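The structure under discussion appears below in the form of structure tokens.
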Amino acid sequence: LPLLLEVTLLRLASSSYHPFYNGFYYNNIMNDKGNGQDKVDYFNGARLVVETPKDPIYSSNGANVTLPCHYRYEPDVEAKRKIRIKWSKLRDDYTKEQDVLVAIGKTYMAFGDFRGRAHLLQAGQRPASLLVSDVRLQDDGKYRCEVIDGLEDESDVVELRLRGIVFPYQPPHGQYRLNFHEAERVCQDQGAILATFHQLFQAWSEGLDWCNAGWLADGTVQYPIHLPRKPCGGLHLAPGIRSYGPRHRHLHRFDAFCFSSALRGEIFYLGRPAGMTLEEAKQSCQDAGAEIARVGHLYSAWKFQGLDRCDAGWLADGSVRYPITKPRANCGPAEPGVRTFGFPNKGRFGVFCYKER
């Protein structure tokens, strides 16, 4: 029994048995001199309050954005210690949060993909807001602002949403051929990423209707329906997002829903009277100081730049498509959209080229 008690006390005293861990160990937090002599400063009766905006913050690909966060004390007092601030990104699949930035006083460090892009906004008496430069597609999501004053620890969440477009994608070899990891890759190949549920829901609210199920970023498989019909879940179901729930990421195969945001460059069309093969199309874009456009580029230009062209053109994945914002005779259906000819093995067409600014 004495041996068992000794082992138990040793385990409780070890660093791996902290009752709460948020990225900081507290064994030296109360003593900023760092001389190893812990000093306990009990809470002085003032309540630490952390606030972020309740409404989402909107931005777009390549822009700079500030995620506001403010803290105060009730009643108002001066902090006796250096305040720790930690920003983290919440993951869609509810796994471990992604570290973004940690700050102590005016010293801060950013992590991972945010290194060099995330900064603490040094403005005001109690700076805690996060500045993210060169916003990327994967930055979309929810962020936690955590303020730590000794043993007091409060946080709040702010949501960053990118203005973008969701588009369904099938590879050249046909329907339902992608596992989750392949779906991630094909979206990246098209200048996009796998869409989140929120992005798909927003696209559905704007009119997206697609009967083929596709992967989302959280590993679920879903599809948006506006007009209920028998092959798409049944005639008597209400419009909405149909869900297959989480699927096995290696074994199960579906299409993909990709998300792309505003372009950093421009798309232009090149044509020849006799058309071009795919290889000739790629070379024509290179000769013009550009690259052949990807599917995500075309969708983004259609939505954000109003690209309207009734001429079919090659894209980088070997598909042939064209964007229509003003439907008219001989240009496809009566609704705006990006039309597709699929992946022709033969044929000669124009080409859509993309040039980054």
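Placement of Cβ uses the backbone N, Cα and C atoms for every residue, glycine included.
Positions annotated as signal peptide by TrEMBL: 1-15.
According to TrEMBL, the feature domain 'Ig-like' maps to 47-158.
Annotated domain 'Link' per TrEMBL: 165-260 (among others), in sequence order.
The disulfide bond annotation in TrEMBL covers CYS211-CYS232 (among others). Listed in sequence order, CYS211, TYR223, ILE225, ARG242 are the same-chain residues six or more apart from CYS232 (disulfide bond) with CB atoms under 8 A from its CB.
Annotation source TrEMBL lists domain 'Link' at 265-355 (among others).
All protein chains included, CYS331 (disulfide bond) registers 15 other Cβ atoms within 10 Å of its own Cβ. The feature disulfide bond is assigned by TrEMBL to CYS310-CYS331 (among others).
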Please work out the mean pLDDT for the residues of the domain 'Ig-like' (47-158). 90
The domain 'Link' (265-355): DSSP-derived helix, strand, coil residue counts: 20 helix, 27 strand, 44 coil
